[in-house]
Amino acid sequence: MILRTIIDLDWRGRVFLLVLAAVAVLVPLLNLAVPAGSAFNVPTYLVSLLGKYLCYALLAIALDLVWGYCGILSLGHGAFFALGGYAMGMYLMRQIGPRGVYANPVLPDFMVFLNMKELPITWWGFGHFPYAMLMVLVVPGLLAFVFGWFAFRSRVTGVYLSIITQAMTYALLLAFFRNDMGFGGNNGLTDFKDILGFNIQAQSTRVALFVASVVALALGYLIARAMVTSAYGKVLIAIRDAESRARFMGYRVERYKLVAFTVSACMAGVAGALYVPQVGIINPSEFAAANSIEAVIWVAVGGRGTLVGAALGAVLVNWAKTWLTGAFPEVWVFGLGALFVLVTLFLPKGIIRTLSEWSARRSDQRAASAAAEAGIGAVQQPAGAE
Amino acid sequence: MSSVTSPELTQSILYLDGVSVSFDGFKALNSLSMVIGHGEMRAIIGPNGAGKTTMMDVITGKTRPDDGDVLFDGSVDLTRMDEASIAELGIGRKFQKPTVFESHTVDDNILLAMKGPRSAGSSLFGWRNRVRDDQKDQVLETIGLKDHRKRLAADLSHGQKQWLEIGMLLAQDPKLLLVDEPVAGMTDHETEQTAALLASIAKTHAVVVVEHDMHFVRALGCKVTCLHEGSVLAEGAIDAVSTNDRVVEVYLGR
Ligand SMILES: Nc1ncnc2c1ncn2[C@@H]1O[C@H](COP(=O)(O)OP(=O)(O)OP(=O)(O)O)[C@@H](O)[C@H]1O
Ligand SMILES: [Mg+2]
């Protein structure tokens, strides 16, 4: 299925994958092989920063799958991202072992501090990488499945659905703030030492994590692309356009939505899991409502329902955010708001679609003028086509 | 449900008995009873708000009746089923406001409607792609949109959208078609064509058509039921119904 998708890819998708491939080769090369003083060197902090953007891009693609193709405006995708991040964080905490401040071989520092005597059940198995990776998929996926099961069956749609997704992430925010939940309270999980036995601060580990993010993004894109170009995807779009028409045609709308929502949540979980080792911390603020809303803005900026646009939007907006928060820390929030307003007003279809429509017009014009030069249609040259 | 099985019931494809629906105390359907036979074509007329669309909502599972029986094929109780199961049984519906999948091509609209497995799994793994092209072509031919197959449904004219929606019904190949105001907004010529199209569909399917256009209803040449305030006011041949005093008073005479 994935192979077919690669073969059938449109030019936009090909360019996207080529860029990803180039980035996966060039960034490590410029970091590891070019000496630190050189103008061409990519410093390690930048590698991790780019890696972080790629995780956001994967989150954006996950969101675009449900919002762009099925009309489910989720304002809670940050929660799935954070849950994936916590699953990875728990693995990383267990890897610290006796190297913590309290030198407890089993319990992470915060548990010792809270006088916990043994590892809570929720933490069992997280010392094993495969189990933790399974949880990266299962925990967000299961939450999305259960949430979607109830929401879609009761036919909650539109603004109401957006509001309850927002409520979901807010509830998780409050829950994860509590110390007795056993996930580190408001400090979250941090001070990671190594991953799969490699020092997490090491340059080579950082590069490996970056490459893993590129691969995850490419895979996520291909899975989403395979879904939306299949007959399933046609039904999704049909549901987005005219939900009741699809129902009266015999499609079980709630199941179609549930599949997309669950897959999307798993994808967001993977993004979160790759994000955590690259930024070195996960705490409840990742569940903040604003994070989920920002993700929606990335997708809107890049172009809803294009996948590639969503990824592009995530990278561009976050790059602008990094730059603005550095240059003018006070105005970033206003910058983001202004960006959203401007995009809605002037690029309602997002960057990608506006660009492709513009280039289509250009080539139409070129074709028209070429035809005019060749003398074809010279008799009835439509006005304004010159 | 009555325990006596009347011949009316067993010979019908659709059987409504004493169906009532109220919205916040307002009775949209008031003990409505109606029987549609196998292979029958029936025209439903009646003033705005008479309950015609609500009746279709009840039959297709969108609205649950407060009271009454709705039976399909003499035995299947439709009041307990959801829209998708009812569609699977073989009831297709055209909306009053033409509703097609705007961002899909004409081709894909028909493809999505085509009879076949409908589950998410089957569509995800490609079984639904195996629709036979000749069937699709035949539908496109029938509704006269063959030359427009690659266009987006959003770009079609109003009349073409109406036809596309009828074509989607055809592709679905239901036993019973419910068609709500198919000629609203059509030119006289298009209206004639639509009447002919529905008449030919009616040869092989049971069809219920709701329409205000009396010329069109006359062209269909079938039994007519006039609804008023949620129940049947008159029923019979077009000439009898259209000269009925009550019908003239509440509907035609306006
Ligand atoms: N969901 C609803 N909630 C409240 N009232 C409704 C609802 N649906 C229909 N009604 C009311 O029920 C009555 C019957 O409506 P219906 O749409 O069935 O009429 P109709 O015969 O199809 O009319 P028209 O010829 O205008 O299409 C109307 O007064 C309408 O306002
Ligand atoms: Mg109506």
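A Cβ is built for glycine as well, from the same backbone N, Cα and C atoms used for every other residue.
If you look up TrEMBL, you'll see A:45-67, A:74-93, A:129-152, A:159-177, A:207-237, A:258-276, A:296-319, A:331-352 marked as transmembrane segment.
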Beyond the flanks of the transmembrane segment (A:331-352) by at least 6 residues, Cβ under 8 Å: 12, 294, 297, 299-304, 306, 308-309, 312-313, 316-317, 320-321, 324-325
Paired segments the transmembrane segment (A:207-237) and the transmembrane segment (A:296-319) in contact, 3+ CB pairs under 8 A: yes
Distant-in-sequence neighbours of the transmembrane segment (A:159-177), which means Cβ under 8 A and at least six residues beyond its ends: 72-79, 82-83, 86, 143, 147, 151, 183, 185-186, 188, 283-285, 287-289, 292
Distant-in-sequence neighbours of the transmembrane segment (A:296-319), which means Cβ under 8 A and at least six residues beyond its ends: 12-13, 15-16, 52-54, 56-61, 63-65, 67-69, 73, 75, 217, 221, 224-225, 228, 336, 339-340, 343-344, 347, 349-354
Close approaches to the transmembrane segment (A:258-276) from elsewhere in its chain (Cβ under 8 angstroms; 6 or more beyond its ends): 51-52, 54-56, 58-59, 61-63, 65-66, 69-70, 72, 74, 77, 80-89, 92, 133, 136-137, 139-141, 143-145, 147-149, 152, 189, 209, 212-213, 216, 220, 223-224, 227, 232, 236, 282, 286
